[in-house]
Ligand SMILES: N[C@H](CCC[C@H](N)C(=O)O)C(=O)O
């Protein structure tokens, strides 16, 4: 069947966006992966599928598939592309919408100046919710359970990285590094993503603190590899940095693909993510 799509990105994190509001689209993980493949398909970090909501009070539902075909709970940069997409396609005339995702409801808002802010909901900080298997580590952490030792085996030797675990609906393991440009993202990102202590795998963040209101960030994403920006990764890094006493809200997050801004008032409060969303081209593909 022929499938219309829109290619978009948020700070270089790129997406295939599909309007399935008229009729749901069901593909296998292998078919989603093929669409996202950068050689055999269109190519994207994630695929966003816009559907009718199933929850009262929501305007839309949207499903998120990683480059590897896995369906996931949340996508911060995708939420901004989403609100631009439904506005440009005339699927809504609202500037603030409520969107049902696999794990909760988010509220993206198109501002008068064209920028987009997303209420990403409150972070989950209980390791069991991330999920992170902290058994055997109970009680071991700096401060208030803000960091955990993670033994990572590289090339026959083992080293311990100290991570903070945060869920934005999707799981994140964030570590502080001196310089993101020299951080071992390619080497240890996949090892952390597939670490046995993360039963659902995990996104691995590498955060450099520039000053209390500014970080540089690289993220090896679960199911996609390193991306040029990760919205939920930026949220998780700022939450982890504030909890560790390293940052003060709001925080400017410099990713390789662009700038994001995060605000968080503390535990139990929502995280607000602001940043760009760009439409690149429209297309049609045979699936
Ligand atoms: N790879 C992520 C999903 C996409 C998140 C990212 N692109 C964002 O902007 O938040 C995961 O498996 O949880």
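Each Cβ is built from the backbone N, Cα and C atoms, and glycine gets one as well.
Site annotation (TrEMBL, ligand substrate) includes 13, 66, 76, 77, 170, 203, 221, 222, 231, 232; from 31, 46, the additional listed residue is 46. The substrate site is set by 13, 46, 66, 76, 77, 170, 203, 221, 222, 231, 232; from the centre of their CB atoms, other residues of the chain with a CB within 8 Å are 45, 72, 74, 75, 78, 219, 224, 227, 230, 233. For the recorded positions 13, 66, 75, 222, a Cα to Cα distance of within 10 angstroms from residue 230 (active site, proton acceptor) holds for 13, 75. Considering only the residues assigned to substrate binding, 13, 46, 66, 76, 77, 170, 203, 221, 222, 231, 232, the longest pairwise Cα distance works out to 16 Å.
Under DSSP, residue 232 (substrate binding site) is assigned to a helix (H, G or I) in the three-state scheme.
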